[in-house]
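Pulled from TrEMBL:
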type: DOMAIN; residues: 1-340; note: domain 'PTS EIIC type-1'
type: TRANSMEM; residues: 26-47; note: transmembrane segment
type: TRANSMEM; residues: 91-110; note: transmembrane segment
type: TRANSMEM; residues: 130-155; note: transmembrane segment
type: TRANSMEM; residues: 167-193; note: transmembrane segment
type: TRANSMEM; residues: 205-223; note: transmembrane segment
type: TRANSMEM; residues: 235-256; note: transmembrane segment
type: TRANSMEM; residues: 263-290; note: transmembrane segment
type: TRANSMEM; residues: 302-324; note: transmembrane segment
Amino acid sequence: MAAALLKGILTLVVNGGILSETDGTYRILYAIADAFFYYLPVFLAYTASVKLKADAFTSVMIAVALVHPDITAVFEKGLGLDFLGLPVSSVTYPSGVIPIILAVGLLHYVEIPLERYLPRAVKGFLKPMIAVLIVVPVTFLVFGPFGTFIGDVLAKSFHTLYNFSPIVAGAIFGLIWQPMVVFGFQWGLVPVILSNISAYGVDTILPLLGPAVLGQAGAAMAVSFMTKNKRMKTIAFSGSITAILGVTEPVLYGVTIPLKRPMVAACIAGAIGGGIVGTSSAGAVSFAFPSMVSLVVYFGEGFWTFFFACILGFIIGFLLTWIFRFKDIEQILDKANEESIATG
């Protein structure tokens, strides 16, 4: 988020005439802001390795190979490559998401037999070498083109829906965004968002998601007022604050999903707010998921509609949660705790 905020600030500074894109100061600051997005596969490689239980250093090595300057230069020039006679598709790996996640997933399974059968004396250097020699070519030959295909399908689907009706697009994305976060599907939109920013200088997906985030915050805040359970009150209130700051996982897993009805209320709030954002031309000039601390990224046309829809999302999430009511919140939580203790 820090990199995205810096990008947003730089955009405002350039538009305000304070700095020029040719200034040395701007170039250095832009390099700081853009480095995270350019080398996104490297960061994702590490986080994916933790989740998928693959070797972190080998995962990072695979990612670095994908964004190596020589490979990137060849693809940018449109020159062909082959590996053992097999053609390698020209794919943009910097800022890519899907190929590296698939690569780390494959690495996990490649490492299992290597760990089991390689002699201990040579395992330390042969295991990563063999793994890289298997995974990197497969990524260039298969995962890269597949990731591009998925990204193109997602991009075309969104643009078709958005061109049909921005309001409908906003309502749908606002409705399904938080369920997508639960299953990790949100990362599939990252290539589309980054592509929009690169091609058009602005992305119209991110603003549609703001009310959904604030809807979760509003629902959690309502639960913090309604519940008599002190632990749930603390979880809901602190989760509401973190959601306002852009992180909804604590609310999702600690409050709205377990209690069900707040999740419904938050999704409805996201749909209503997303539809309102769709009436404007709100956009993000840099990649930053919506929150009250990333507003600078959304400054520009349609900003106030976006801001109003986010506040409305919070209010609707709060009110619907209050209207739906909840019976036995305290008993539900206590029962869950008892089951946890019994099985623990």
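Glycine residues also receive a Cβ, built from the backbone N, Cα and C atoms like all the rest.
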Out of 130-155, 205-223, 235-256, what stretch is closest in contact terms to the transmembrane segment (263-290), meaning most Cβ pairs under 8 angstroms? 205-223
Compute the average pLDDT of the predicted model within the domain 'PTS EIIC type-1' (1-340). 85
